[in-house]
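Enquirer: From TrEMBL, for reference:
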| type | residues | note |
| --- | --- | --- |
| COMPBIAS | 1-10 | compositional bias 'Polar residues' |
| REGION | 1-60 | region 'Disordered' |
| COMPBIAS | 29-46 | compositional bias 'Polar residues' |
| REGION | 76-99 | region 'Disordered' |
| TRANSMEM | 153-174 | transmembrane segment |
| TRANSMEM | 303-331 | transmembrane segment |
| TRANSMEM | 351-372 | transmembrane segment |
| TRANSMEM | 384-403 | transmembrane segment |
| DOMAIN | 487-593 | domain 'Cyclic nucleotide-binding' |
């Protein structure tokens, strides 16, 4: 019986087992096949001597290794138990568990890093910038939560919902429900306190946005910054001090008499209600989170952001009204409803909480909006002070609301407001100089046509942009001019772009003389919209419409105007100065020859061909 060479087994990775004393049936069958296909395993010539079967063996090498691989697979799946496959199975299970744990670690680590989205691309510039920020998070070696990560995004949403529910439910439950030891109430408080404590811990591991879009990720710097800023407020609002107080007081109450325990229990309940109000300090977190989200989404004064800001302001006012209503009822309750309090006088001591809350909210809003005192004016000193506090808070909120609303409305259309302010100055100027009514009307019409109710400092805006972005904006703004002008149809796109960046927008009224014959030429004009008439001396007038241009002859010859050009309608033109004209043509000498050819043609045939019809060579 022949066996496979040792070298072949080593190459194919066959598992050798010392426990094997005999060949299994499958092994013998494969060995017989090898002997048959390769002509036996015994040498027929000394080593190094060419064998007559060498070529045949070379032809079946691939088949041999394929069969060896199949042989190894059969060994692994041997049903006779000759190989210890349990060891391999256990190792495979361990590897699977390790792979799963590694997979979950990678997924969780990815959630702590900034994701690739529109916001992160805007913050870090590109995909490479986001990848560099992700690598920077990994470089710290500990789990650091990036403030722009998916985990922090969803966690902030949960915390926002939880904070809003706490700020509404806590005052309402403390004020209008005597028994606060019920299972739902305790569950809500414990769950809220637990999540807020977790948020406290997460804040020690969350990066801090710094200047120039730099995120502070150093754990030591994060810890020191949080301890110096909002840690104390967040810690006090997250610790269930009221429950700690109740637990500590249980033992002392068990050793006291019944009467003493009853009186002490009433005081403890009132005191724990006051301690529960410490949770309302979570309002600071809500304000910080909302402000942070406004910065993250880069809200500007457009319509959507204005609506969001107005909703936030109205929501804050309603929350203060809710708190004031609860406070208006809580103070008499803590005093056991004295006869001169508003609750006792309105017979609502034993009313349902719906009636109590509705009337308390009505009184609070009446005080805050300064429209009355409710059903009865305050008589007791406590009610008097509560009314004064409500009025002061309400007047402050009302003033803040009007101020914010006014700023938002003005900011929504800043360009229109700037136009109105400018035109008021123009009206005062006309009144001061006592201009005639027809001149005032022409000035009014000019401003309406020139600015169309909007005023921008366009030169300043475009001057702050990069050259590529500026060229793109100018090309878009002048797309109608380019589409209607034959001159720009088949020219170099770079020439067109450079020309457009040099243009200046102008408006002329009907009857205005745009060019006077005999004057020195300093500009040429491109008609975006409108109709003009060219009046040469001694020849027939020519009408030019959208897409035409005129005035280039004097820029080429440095001479005087050869004709007068008058606006027939309101004309929206773009002018090109002689300096800009020469500067552009120095970079494009071929276009200079084209303009010169058109100028020569117009001088000879100005009465036969308007400029919006292309001449030969144009």
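Quick reminder: no glycine exception, Cβ is built from N, Cα and C everywhere.
Note: TrEMBL annotation is automatic and uncurated.
In the displayed structure, how are the listed features positioned relative to their neighbours?
Expert: Tertiary neighbourhood of the transmembrane segment (153-174): same-chain residues 180, 185, 188, 192, 195-196, 199, 202, 273, 276-277, 279-280, 282-283, 285-286, 289-290, 292-293, 319, 322-323, 326-327, 330, 357, selected by CB-CB distance under 8 Å and a gap of 6+ residues from either end.
Only residues 6 or more beyond the boundaries of the transmembrane segment (351-372), in the same chain, are considered here, and those with a CB under 8 A from a CB of the stretch are 172, 175-177, 320-322, 324-329, 342-343, 386-387, 390-391, 393-395, 397-398.
Counting same-chain residues at least six beyond the ends of the transmembrane segment (384-403), those with a Cβ under 8 angstroms from any Cβ of the stretch are 313-314, 316-317, 320, 324, 327-328, 331, 364-365, 367-370, 373, 378.
A mean pLDDT of 87 is what the model gives for the domain 'Cyclic nucleotide-binding' (487-593).
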Enquirer: With a Cβ cut-off under 8 Å, give me the same-chain residues at least six positions beyond the ends of the transmembrane segment (303-331) that come close to it.
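Expert: Residues packing against the transmembrane segment (303-331) from afar: 167-168, 171-172, 174-176, 273, 280, 290, 294, 342-343, 356-357, 360-365, 367-368, 382, 386, 390, 393-394, 397, 400-401, 404-405, 408-409, 411-412.
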Enquirer: Taking helix as H, G and I and strand as E and B in DSSP, count the residues of the domain 'Cyclic nucleotide-binding' (487-593) in helix, strand and coil.
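Expert: Across the domain 'Cyclic nucleotide-binding' (487-593), DSSP assigns the residues as follows: 33 helix, 39 strand, 35 coil.
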